[in-house]
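Novice: Found this in TrEMBL, in case it helps:
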type	residues	note
TRANSMEM	32-50	transmembrane segment
DOMAIN	37-475	domain 'Major facilitator superfamily (MFS) profile'
TRANSMEM	76-99	transmembrane segment
TRANSMEM	106-125	transmembrane segment
TRANSMEM	137-156	transmembrane segment
TRANSMEM	168-188	transmembrane segment
TRANSMEM	194-217	transmembrane segment
TRANSMEM	286-308	transmembrane segment
TRANSMEM	328-346	transmembrane segment
TRANSMEM	353-375	transmembrane segment
TRANSMEM	387-410	transmembrane segment
TRANSMEM	422-440	transmembrane segment
TRANSMEM	452-471	transmembrane segment
C-alpha cells in the first residue's frame, strides 16, 4: 500500500500506515503552520504585484504624472519602471549565500527590512532621482524574500499540499495588485502629493507582515539537516506532518529520505557557481531555469502589468478613470483565475500544462496584434473592444502555468544543495528580462504601435518549441526522488540506501518489541 495518502513517497510501504484521509484544516498543527506561512511566505509576491499595479495606476494619476514624472518621455518612464528590476539584479549575487548560509527565515526577514526602507524613501521622495533610488532599494530586497520563501514553502509544507502551496505563491501577486489598483483609483484625482505618496507608503505592508510573523515560523527541515541539526528537523517534521507523533512511520521515512539524499548530494556534487555547469543534468536544469526566467517576463505580461495605460491609449481609450477601472477589473479577474488554477492545476502533468499555456498565449497574442492593427488602420471600435477582451482572456492563459507552476516546477527540478542557486538563476534572467521589458516597452509602444507586438508572437512560438523538446515531467514524485531526475546512478544509490535504512529501523523496532515481550 502507499504511504499515508502520499503518492510522492512511494519507495516504501511501512506496515500499519493507512491512507491519510484527514484534510489539513482538521490537523491543528498543520493548520497553524499554513496560517503562518500565508503572511510570511505565500504573501511575499504581494510586493511585486503592488509595484506593477501601482506604476500602472500612477501613469493615469493626474497629479502623480505632473509631480513625479513631469509628464515623462517614454525613455524616462522606462527607467522609472525598470529600476525595481535593476535593484533585484544587483542583489542576486548575494541571495544564495544568505539563504543557504543563514537560513530561509533569515533571508525572508532580511529582504523585508530592505523593502520597508525602500518603501519609506519612495513615499518621502522629493524629486525624480530620489524616487528612482527608492525603487532600486525596493527591488534589492525582493529576491532575498522570494528565494527564501519559495524554498521554505516546498521544504516545510506537507508533501501532500506541496504543489498547491507553490502554486498559491504567485497568485498572491494579485492581492497586492488589487490593493494598489484600488488605492490608486481612489487617489488618482487627489490635488496633492498624497495622491502618489499614499500608494508608495502602502507598498511596505506585505514586508511588515513578513517581519511580524517570521519569528513564529519554523526553519526548513532540509536546511537544518544540512547544518547537522537533525534532531530539530525531526521534531519539526513530527510536529507538523504527524501532529506531534514522533513514532510516525511516515515521518521516519520522510526524514531518512531527506538525510540520505543530502548525503548523496554532498558526495556527488560541489556547490560553487561554476560547478552548476559540471554535469549534463545540471546544465539542463540551468537551461530550463533560465528559460523560465525569460518566459515569465517576455510572454507579454510586462505590457499589461506596467504599461496598460499606454496600450489603452493606442486603441482610443484616453479617460484616466476608465483606464484605472480596467486596471482594477483586470487585476481582480487575474486574482480569481490565478487562485482557482493554483488549487487545481497541480493535479495535471506539468509539461502538458506548460504546453497548453504557451500555445494559448500564442493564439491570444496573435489575435491581440491583429485587433490592434485593425484599429490603427480604420479606428474600428469593435477592434478596440477586441483588444480589451484579449487582455482579459490573456490572464488565465498565462496564469495556468507561468504563474501557478513556476516556483513549484523550479523547486522540483533543482536538488536541495543547488535549489537556492537555481531559483537565483531564474530570478536573474527574469529580472534582466523585466528590466529590458520595462525600459524598451514604452519606447516600442510609442514608436512602433501594434507592430511592436509581433516580436512577442515570435517569442511565444519559440516558447512552444522549447517546452515541447526540453521540459521534463515532474509530477507525482517526492523532492528527494526528483533530486536525481537526470542522474540515474545516483537515483539507484539513493533508493538502495534509504531501503537499507528502513530495514534497519524495522529490525531495531522488532528487536525492541521482542525484548519487551521477554521481560513481560
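Heads up, residue numbers simply count up from 1 along the chain you see.
A Cβ is built for glycine as well, from the same backbone N, Cα and C atoms used for every other residue.
Provide an account of the burial state, proximal residues and distances for the features listed.
Specialist: The list of residues near the transmembrane segment (106-125) in space but at least 6 beyond its ends in sequence, with Cβ under 8 angstroms from a Cβ of it, reads 40-41, 44, 47, 68, 87, 95, 98-99, 131, 133-149, 152, 197-198, 200-201, 203-204, 206-208, 210-211, 214, 217.
Within its own chain, the transmembrane segment (168-188) has Cβ neighbours under 8 Å at 41-54, 56-58, 60-62, 64, 149-150, 153, 194-196, 198-199, 202-203, 205-206, 320-321, 324-325, 327-328, 331-332, 334-335, 338-339, 341-343, 399, 403-404, 406-407, counting only residues six or more beyond its boundaries.
Same-chain residues lying 6 or more positions outside the transmembrane segment (353-375) and placing a CB less than 8 Å from one of its CB atoms are 295, 299-300, 314-316, 345, 383-384, 386-387, 390-391, 393-394, 397-398, 400-402, 404-405, 409, 449-451, 453-454, 456-457, 460-461, 463-464, 467-468, 471.
For the transmembrane segment (422-440), the residues of the chain that approach it from at least six positions outside its boundaries are 75, 78-79, 81-82, 84-86, 88-89, 92, 95-96, 139, 143, 146-147, 150-151, 276, 285-286, 289-294, 296-298, 302-303, 306, 406-407, 410-411, 413-414, judged by C-beta separation under 8 angstroms.
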Novice: Determine which recorded stretch among 76-99, 137-156, 328-346, 387-410, 452-471 has the most C-beta pairs below 8 angstroms with the transmembrane segment (32-50).
Specialist: 137-156
